[in-house]
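Okay, so here's the structure we're looking at.
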Amino acid sequence: MGTQRNGYSKRETFILSVDVGTTSIRCHVYDKSASIRGSCSAKVSLLYPQPGWVEIDPDELWDGFVTVVKGAVQDSGLQMCQMESLGISTQRATFMTWDRNTGKPFHKFITWQDMRAAELVRSWNGSCTMKTVHGVMKMLHFLSRQKRFLAASLVVFTTQHVSLRLVWALNNIPQLRQAVEDGTCYFGTIDTWLLYKLTKGLVHATDYSNASATAIFDSYQMCWSGFLCSLLSIPLSILPKVQDTSHKFGLCDSSIFGVPIPIMCVMADQQAAMFGECCFDTGDVKITMGTGTFMDINTGSKPHTSVAGLYPLVGWKIGADVVYLAEGNAAGTGAAIKWAQDLELFSDVKETEAIATSVEDSDGVFFVPSFSGLQAPLNDPKACASFMGLKPSTTKRHLVRAILESIAFRNKQLFDVMLRETRIPITKIRADGGVCTNDFIMQLTADLLGRKIARPSHFDMSCLGAAFVAGLGTGYWRNQEELKKLLSTDQHFLPRRSKSEGEKGGLYRGVLQSWEKALQRSMHWYNQP
């Protein structure tokens with residue numbers, strides 16, 4: 001898999017794929033060998049109209065989407081009529097509501113980072129209603145042994161979920177409430193909005209991977225959760241139809257790109273990255289290290305019910321084939337590195353590896369990367385970020401090493417809880433995302449996990465995953481085995497073992513234990529998350 005722009009026939013066709021991330025929109029044109037023929041990207045502007053609010057302007061997002069598609073095709077030297085199909089990958093749980101007749105939004109996109117529903121989250125999680133729900137569901141699970149009741153007994157709302165941010169919007173935006181009463185309201189995550197715009201209002205749909213990340217979808221029954229929607233007074237009538245991940249969603253209106261390109265895939269970004277990494281088999285693991293860390297394991301044909309904070313997701317549904325994932329995340333991975341750069345601990349992120357290896361260890365300094373609390377398996381939104389063990393001998397180099405080590409330590413925590421909870425034998429581990437370019441973090445993660453980790457030649461796995469699904473849908477690629485042969489690996493990181501201890505991560509066992517003490521002291525720091 002590489003980058004190529006010459007030597008094509010006009011009869012050749014190609015796959016377009018767009019990834020709408022938190023900070024950028026990227027489009028690539030792929031050929032049969034999964035080589036990139038052309039690319040274009042644009043920034044996503046985040047808006048902060050009030051403290052804690054994080055929004056995206058829908059018109060600006062749409063303009064950016066159209067721009068990168070046209071730009072990528074132009075960059076490839078190809079023609080739009082050679083684009084066989086379009087795949088779309090998007091950030092999850094960022095949503096908007098709009099008038100189904102006019103397409104006019106009732107508000108801007110409320111992103112997954114938005115905190116406006118924090119008080120609602122605290123209120124609901126501590127309410128008698130939720131305590132009753134948990135009790136009833138535990139009883140139903142005891143009587144029936146059905147895991148979906150166990151899952152319901154463990155439901156805890158967070159601001160990252162769509163659920164209570166949507167409740168906030170329904171409670172606080174009069175035009176939205178009126179539209180719901182009039183039956184003219186549409187709800188949708190970014191993929192749904194793009195489908196609506198691309199088809200000039202003909203399609204109101206999403207796919208199972210995006211729906212499962214909203215926290216108002218029942219992954220066991222494979223439908224919107226009537227129970228949760230009823231509990232939160234969310235009208236089912238505003239929700240989009242849920243389709244297979246590989247599905248002909250419609251045609252791009254010819255007025256947009258000049259030709260009617262079939263839209264053959266919409267997919268959530270982490271699930272798309274999993275597909276792009278060809279993690280098709282039960283036990284395959286993907287670690288994406290970017291703005292945050294997302295660790296996903298393929299759990300096969302059944303959703304995983306977690307008691308430690310792993311989230312059950314639909315990976316994808318292609319025909320009768322449904323693949324589920326269990327996901328753990330650690331927020332603030334990239335944020336910690338960006339913060340250190342802003343503090344001038346280094347000028348270029350590429351320097352961090354050399355800085356970290358320029359000292360033998362962190363000199364007893366530990367960093368806790370909890371700018372947004374701690375997620376699985378600790379699940380403490382009140383945790384604070386901290387440095388511990390500072391002393392007169394501490395230098396910038398020790399601080400940088402401690403920050404990089406903390407990312408690998410959180411990877412170890414997520415991996416351990418994943419092993420403990422799922423009890424699924426690990427078949428392979430692949431890593432992607434911008435932070436995985438750091439060899440120090442990659443090698444330390446391999447050491448701590450005691451596993452070989454493969455790093456791909458290209459890191460834009462969400463885009464590639466959506467392209468793969470779109471291409472399978474039109475027969476551009478025949479099957480998943482063909483896709484595996486197209487995937488190239490930049491480097492394998494093999495675990496180093498301590499000569500004295502002969503155990504995985506043995507060199508770091510004492511350091512990890514000390515870091516975990518620092519972690520405990522950073523927990524429950526704030527009165528409110």
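The backbone N, Cα and C atoms fix where each Cβ goes, glycine too.
Residues or ranges marked as ATP binding site in Swiss-Prot (evidence: similarity to another entry): Thr22, Thr23, Thr291, Gly334, Gly434. Around Thr291 (ATP binding site), the C-beta neighbours below 8 angstroms that are at least 6 residues distant in the chain are Thr22, Thr23, Thr333, Gly334, Ala335.
As annotated by Swiss-Prot, glycerol binding site applies to Arg92, Asp269, Gln270, with the evidence given as similarity to another entry. Mapped onto three states, the DSSP output places Arg92 (glycerol binding site) in coil.
According to its DSSP assignment, Gly434 (ATP binding site) is helical. A helical conformation is recorded for Gln270 (glycerol binding site) in the three-state DSSP classification.
Fewest other C-beta atoms within 10 angstroms, among the binding-site residues Thr22, Thr23, are seen around Thr23. Comparing Arg92 (glycerol binding site) with Gly434 (ATP binding site), their Cα atoms are 18 Å apart once rounded. Of the chain residues outside the ATP site list Thr22, Thr23, Thr291, Gly334, Gly434, Gly21, Gly290, Gly292 have their Cβ within 8 Å of the site's Cβ mean position. Same-chain neighbours of the glycerol site beyond Arg92, Asp269, Gln270, judged by a C-beta within 8 angstroms of the site's C-beta center, are, in sequence order, Ser89, Thr90, Gln91, Ser209, Ala213, Ala268, Gln271, Ala272, Ala273, Phe294, Ser462.
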